[in-house]
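Encoded as structure tokens, the structure appears first; notes follow it.
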Amino acid sequence: MKRYFIHTFGCQMNVNDSLRMSEALSKMSYVPTPEADNADLIILNTCSIREKAEDKMLSALGRYRAVKASRGAILGVGGCVAQQEKDKLLKKVPYLDFVFGPDNIAKLPEVIARVQDARERVVETAFVDSEEYVFPRADAETSRGKVSEFVTVMKGCDNVCSFCIVPHTRGREVSRNFPEVLNEVADLAGVGVREVTLIGQNVNSYQGGISFAQLLLRTAEVPGIERVRFTTSHPHDLSDELIEAFRVQPKIAPHFHLPVQCGSDRILKMMRRDYTVEQYMERLEKLRAARPGIAITTDIIVGFPGETEEEFEMTLQLTERVKYDNQFSFVYSPRPKTGAALREKDWGPIPHEVKVARLERLQKVQRRISGEYTQSQVGLDVEVLVEGPSRYDATKRFGRTPENRTVNFEGDAPAGSVVTVHVERATPNQLAGKQVAVLKAPTVAPLPVELPVPLHVPAEA
Ligand code: SAM
Ligand code: SF4
């Protein structure tokens with residue numbers, strides 16, 4: 001038996017792609033190892049959304065070079081950096097054995113065989129940009145014991161946000177046919193999964209035979225499924241039909257990740273986001289009216305080329321106005337071949353220290369708002385879907401509220417149960433308390449030994 005180790009960077013799409021890689025490898029008699037040091041095959045599943053992510057992967061590659069030297073491990077790079085750099089990466093990193101893009105995961109066994117048997121250095125980065133694309137199917141058995149899983153509903157992105165490299169690394173949008181999505185959800189529910197997150201770069205523009213709103217409603221009706229989530233959405237595709245789905249179907253979890261990017265209409269236009277702040281607010285208010293109490297999170301970029309102090313302050317004002325549950329905020333990072341990077345000199349690059357100072361100011365405001373939210377929960381009873389033991393204290397349980405707030409609590413309900421927790425304490429990001437009632441038992445018998453709770457990748461890492 002040979003051992004493999006996958007190092008995953010980036011968003012849920014990559015986390016999910018790594019799972020599909022694991023499934024392909026287990027069919028080749030590879031077994032996973034938690035230590036790269038004793039692996040025979042190391043794969044880095046990479047992210048290129050910001051320069052920092054790319055730097056991190058290059059330094060990890062340097063570390064794994066020693067494993068290759070000491071035990072002859074095979075070393076491969078997949079994901080967005082692989083797609084962006086293609087054969088250039090083999091030239092840049094002479095000890096690398098193979099490079100494969102996100103559309104080529106199904107070819108992994110063939111690629112590895114070519115490296116092992118023919119000692120070739122392989123590059124497989126062709127896009128499959130058409131309805132011919134076959135979405136790798138999750139093997140539900142590997143999800144037994146898990147409570148929450150991702151299900152891919154589409155790939156790629158047809159938008160042209162001027163800062164974003166995704167259309168270059170993930171290609172055009174292709175939606176997965178809805179019966180395939182629903183079959184995968186049913187299989188997952190059959191092994192005890194209670195929550196699914198439908199994922200894609202731009203799920204609102206889903207076109208797999210029914211609308212995205214209908215897909216959510218049909219997913220919520222799959223027996224055993226307790227909560228349905230999704231990510232990520234572009235505000236311009238947030239339809240009335242989707243808002244209506246939130247009103248009529250309580251299993252669609254009351255959390256919406258709606259990336260706004262910034263609070264200035266001028267910058268939004270330069271970003272090619274094609275909505276104004278007021279249009280964004282109008283959608284949001286409609287959503288909040290349909291589902292009172294819904295948690296709203298967002299992504300923000302600070303220091304976009306040409307952003308003035310006043311324009312940055314508009315982002316602070318928007319943050320106060322919306323009162324986001326949470327934000328994922330980033331300093332602008334120029335990416336190769338993107339519109340904003342090509343025009344950065346004309347628009348006026350923002351010095352790094354200014355970007356970082358703006359980010360810190362924004363994050364301070366958001367921490368206060370998040371803290372106010374979580375403090376408002378102290379003393380209340382909240383519903384929690386139990387995922388397993390707490391990562392911080394094995395004597396406690398861990399789960400999440402419908403709004404996606406994490407909760408560590410004293411209790412004994414097995415993974416897959418739905419319980420009521422009385423909230424006693426809160427930090428800006430977490431709630432803590434005591435289990436007071438069990439509302440629902442798991443749908444299948446729990447495993448004799450619970451799986452560790454997976455590290456939740458934030459909405460957009
Ligand atoms: N599809 C999603 C949307 O439309 O908002 C976003 C996907 S992207 C993987 C996640 C987030 O990364 C974006 O919302 C944006 O805030 C951030 N991001 C993308 N490109 C960036 C860049 N060049 N510099 C900094 N942050 C960036
Ligand atoms: Fe990138 Fe999202 Fe814009 Fe697509 S919609 S280009 S993934 S930011």
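Just so it is clear, glycine is given a Cβ too, placed from its N, Cα and C backbone atoms.
Annotated features, as they stand in TrEMBL:
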- Cys11, Cys47, Cys80: [4Fe-4S] cluster 1 binding site (BINDING)
- Cys157, Cys161, Cys164: [4Fe-4S] cluster 2 binding site (BINDING)
- 2-117: domain 'MTTase N-terminal' (DOMAIN)
- 143-372: domain 'Radical SAM core' (DOMAIN)
- 375-437: domain 'TRAM' (DOMAIN)
Report task. Measure from the Cβ of Cys164 ([4Fe-4S] cluster 2 binding site) and count the other Cβ atoms within 10 Å, all protein chains considered. Result -> 21
Requested in this report: List the same-chain residues at least 6 positions away in sequence whose Cβ sits under 8 Å from the Cβ of Cys157 ([4Fe-4S] cluster 2 binding site), in sequence order, or say none.
Outcome: Cys164, Val166, Pro167, Arg170, Arg172, Glu173, Gln201, Asn202
Report summary line: Result for ligand 2 contact check over binding-site residues Cys47, Cys80, Cys161, Cys164 with Cβ cutoff under 6 A is Cys161, Cys164
Query raised in the report: What mean pLDDT score does the domain 'Radical SAM core' (143-372) have in the model?
Result: 96
Query - Sequence-ordered binding-site residues from Cys11, Cys47, Cys80, Cys164 with Cβ under 6 Å of an atom of ligand 1 - result: Cys11, Cys164
Query raised in the report: Which residues, sitting 6 or more apart from Cys80 ([4Fe-4S] cluster 1 binding site) on the same chain, put a CB under 8 Å from its CB?
Result: Gly10, Asn14, Thr46, Cys47, Ser48, Ile49, Pro102, Ile165, Val166, Thr169, Arg170
Requested in this report: Note down the number of other Cβ atoms within 10 Å of the Cβ of Cys11 ([4Fe-4S] cluster 1 binding site), including every protein chain shown.
Outcome: 23
Query raised in the report: Can you check what DSSP calls Cys11 ([4Fe-4S] cluster 1 binding site), collapsed to helix, strand or coil?
Result: coil
Query raised in the report: Where does Cys164 ([4Fe-4S] cluster 2 binding site) sit in DSSP terms: helix, strand, or coil?
Result: coil
Query raised in the report: If you draw a 10 Å sphere around the Cβ of Cys47 ([4Fe-4S] cluster 1 binding site), how many other Cβ atoms fall inside it, taking every protein chain shown into account?
Result: 23
